[in-house]
Amino acid sequence: MPSFDEVLQKAGEFGRFQRRVFLLMCLTGITFAFLFVSVVFLGISPDHHWCQGPSAAELAERCGWSPEEEWNRTAPPRSALESGVRSDGRCERYELEAANWSSAADAADAAEGGLSCSDPLAFFPNRTAPLVSCQGNWKYSQSHTTIVSEFNLVCSNSWMLDFTQAVLNLGFLAGAFTLCYAADRYGRIIIYLISCFGVGISGIVVAFAPNFTVFVIFRFLQGVFGKGTWMTSYVIVTEMVGSKQRRIVGIVIQIFFTFGIIIIPGIAYLIPRWQGIQLAITLPNFLFLLYYWVVPESPRWLITRKEGEKALKILQSIAKYNGKYLSPNYSEITVTDEEVSNPSFLDLVRTPQMRKCTLILMFAWFTSAVVYQGLVMRLGIIGGNLYIDFFISGVVELPAALLILLTIERMGRRLPFAVSNIVAGIACLVTAFLPEGIPWLRTTVATIGRLGITMSFEIVYLVNSELYPTTLRNFGVSLCSGLCDFGGIVAPFLLFRLAAIWLELPLIIFGILASICGGLVLLLPETKGIALPETVEDVEKLASPHLYKKGKKKKSQVTGIHT
């Protein structure tokens, strides 16, 4: 009896139906990119922030100062010293009672020249006063409102901004172990739709969060549901097409992620309030609910659940939409003879080949996340125009996708995967030791490293989905990519803590990780031009491709419908 891949070939492996579904699901990549990098624009730190004591507030009102003038005349300078310890003037205020400064102002009013507004410290000894830590009443000079100014995430609370991104990555990790697991058990499309609804609702609550606690809780939930939309959409498109098209859809869907990175700076530039940015990047998720009527369940998944009749009906619909005709010979379809079971981590490490693939892929995901996010954040700390720099950083990623498309079909998956990691590793190590006097060379080498790790990040998605059987694919990809989320949590702490020791030390760590990863992925089996494995046995045979191709012809249990 014909296998799924044989029937799909007759129905059209990448016909009009698959192209429509593919383009619709690709849009998920844009909204997921919005969520992934949104903290960069939601949490822009104001140019100036300071603590406004009651006396300073009264004086600012009397003098009619602008925020910038109030900052210059009442905030302690950054170089102020208290007990021999350097203090940040933005995090402290002068310890002055309202009556004291008011008295000084009255005295200045009586003096010629009105010194109270031009030099409010003139009537205090040594033109200064004791400093105290701020207990609230922060002031900001920036017109754009961000979560920093909304929840006062400055000074001793500045770590809370990093915490919001860590919580989002924790949500991604939780989504990998819950919703993506559920997609293997209950179906791809139903979990995708639930995830779209969840990320939309939680995103709205984030925009109107009354306090920081509510903000963090629903940002975590947004991460959970966001991971469900992204990973499930990726699995749906790779399962809908033939083996020859998987490389294209696996890379192009990630190009849409890059499109999201390119688009979001424009959204953030045009919308002055963080709530508006949050709504603009969240509400499109509700449009994906319309996919209920146009995107079917994955027929490949249905076969693994022993629902061959439903799978065949969907394949017949695909053939009709593609202008193909399935003859009566395709009234039955082969299904797996494995017992339907719920996947677990033990299934990924029980057999030798599965164990090797799982451990290497987990390390590859972790390395890609740490190096990629580390390099992105490292560019962010050098200053410049945030909107332009972020736009350029997205454009830089586009050539990586083109290089992948040009190499993986000619050279296979394994070699470009390894080379991209090694190139990224060498580039990081070289950049760390290049002298500061030749910035053009440092920028060039760093750009090569960014291209290399971007290629690695995009290839790992493709390789991961091709190395797991259908019964474990969504769970396996989700679990391995969970190490990506863990890497996203580690990356900022790794970057900034090590940079405090030596600015280039993070680059050395990134270089070592990427180089080791490049060597390990050479141990993975090649998946170029072979059908997706349907069982664990198929994966074990990948080490011997001739046995795998021979074994694909031997399927036992058959179920079908008659036309």
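Even glycines carry a Cβ here, placed using N, Cα and C.
Feature annotations, reproduced from TrEMBL:
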{"type": "TRANSMEM", "residues": "21-44", "note": "transmembrane segment"}
{"type": "DOMAIN", "residues": "114-529", "note": "domain 'Major facilitator superfamily (MFS) profile'"}
{"type": "TRANSMEM", "residues": "163-182", "note": "transmembrane segment"}
{"type": "TRANSMEM", "residues": "189-209", "note": "transmembrane segment"}
{"type": "TRANSMEM", "residues": "215-236", "note": "transmembrane segment"}
{"type": "TRANSMEM", "residues": "248-271", "note": "transmembrane segment"}
{"type": "TRANSMEM", "residues": "277-295", "note": "transmembrane segment"}
{"type": "TRANSMEM", "residues": "359-381", "note": "transmembrane segment"}
{"type": "TRANSMEM", "residues": "387-408", "note": "transmembrane segment"}
{"type": "TRANSMEM", "residues": "415-434", "note": "transmembrane segment"}
{"type": "TRANSMEM", "residues": "440-463", "note": "transmembrane segment"}
{"type": "TRANSMEM", "residues": "475-495", "note": "transmembrane segment"}
{"type": "TRANSMEM", "residues": "501-524", "note": "transmembrane segment"}
Please work out which recorded stretch in 21-44, 163-182, 387-408 has the most C-beta pairs separated by under 8 angstroms from the transmembrane segment (415-434)? 387-408
Limited to the domain 'Major facilitator superfamily (MFS) profile' (114-529), I'd like the whole-number average of pLDDT. 83
If contact means at least 3 Cβ pairs within less than 8 Å, sequence distance 6 or more, would you call the transmembrane segment (248-271) and the transmembrane segment (163-182) in contact? no
Among 215-236, 277-295, 359-381, 387-408, the stretch with the most Cβ pairs under 8 Å to the transmembrane segment (189-209) is 215-236
Tell me whether the transmembrane segment (440-463) sits in contact with the transmembrane segment (21-44), defined here as at least 3 Cβ pairs under 8 Å among residues 6 or more apart in sequence. no
Beyond a gap of at least 6 residues from its ends, the CB atoms lying under 8 Å from the transmembrane segment (475-495) belong to 162, 165-166, 169-170, 172-173, 175-177, 180-181, 183-184, 227, 231, 234-235, 343, 345, 347-348, 358, 361-363, 365-370, 373-374, 377-378, 461, 464-465, 467-468, 506, 509
If you count Cβ pairs under 8 Å, which stretch among 163-182, 277-295, 387-408 touches the transmembrane segment (21-44) the most? 277-295
